[in-house]
Amino acid sequence: MYIGQVMKDMLKLQRPPSPPVVKLETRVDAEYGMPSTHAMAATAISFTLLLSAQERVKFPFELGLIVAVVLSALVCLSRLYTGMHSALDVICGVVISAVIMAVSYPYWGTIDYLQLHNPLSPIVGVVLPLFLSYKYPELDHYSTTRGDTTIILACCSGCSVGYWVNERLGLTFDLAGPFPVTLPPLTLAALGLGVARFLVGLGMLVLTRQTVRWASLRVLCQIYGASVSDVEARRRKAIEVPYKFSTYVAIGLVNSIMVNRVFVMMGLWDLGNSV
């Protein structure tokens, strides 16, 4: 995502003009178009899940491939339908993600191990994303790309540190093999627990976002002598980057450390029955 967002602001290729294109979104209209980061994210999420899951879960690879292609294609087509990207933007986004996955795939296991076990992992996991957020390319006008990129990096940072902390505290558990395992059938009880976990987890993350955002904005505005209601002041890098980074690091930490513990305390995660 960082590579895609930075490429947009370095290449500075405009989105499809309107008219003739009918744009159904306006929030990111000030952003440049090449490449489509929606296409990049959809491709990365679908195919990394496909490639990772086959080591753990037994399923027909052809079926998984079809699902990955359909899901990523739907997102890509939606960017054309909403008028936010050209076909070239979308194709380039897919190709960039494919290249990144192909180059990094042999090292996924090593990266995963270092993230969980290296003592420098939490330092790198915070300092590097924060550094990249502050060093994001400057434009001659305000764009949502820097803020959105900061949010993405901060979520990853919080989750990365959270997983490291869980490993240190012994709160993780090893799944029972041998792998790949066969998934149990989806029952009504399992579906109900899934819905309950979703609602509880969502509530915790929304509460975290609102609380930390409220506090961090007021502290930073107090430091820089700005009003919380001043939209232009909140767009300044000195305020936007730290308040968004702290807010979404907190969300990542709560998501990776606290949410699952709450599930267990509430009886919403029956690990013994693999629900």
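Each Cβ is built from the backbone N, Cα and C atoms, and glycine gets one as well.
Lifted from TrEMBL, the feature list:
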DOMAIN    1-105  domain 'Phosphatidic acid phosphatase type 2/haloperoxidase'
TRANSMEM  63-81  transmembrane segment
TRANSMEM  88-108  transmembrane segment
TRANSMEM  120-137  transmembrane segment
TRANSMEM  186-208  transmembrane segment
TRANSMEM  245-269  transmembrane segment
Top Cβ-contact partner of the transmembrane segment (186-208) among 63-81, 120-137, 245-269 (pairs under 8 Å): 245-269
Tally of residues which DSSP labels helix, strand or coil - the domain 'Phosphatidic acid phosphatase type 2/haloperoxidase' (1-105): 67 helix, 1 strand, 37 coil
Residues from the same chain, set at least six apart from the ends of the transmembrane segment (245-269), whose C-beta lies under 8 A from its own: 126, 129-130, 133, 150-151, 153-163, 165-166, 171, 193, 196-197, 200-201, 204-205, 208-209, 212-213, 216, 275
Across the domain 'Phosphatidic acid phosphatase type 2/haloperoxidase' (1-105), average pLDDT on the 0 to 100 scale: 87
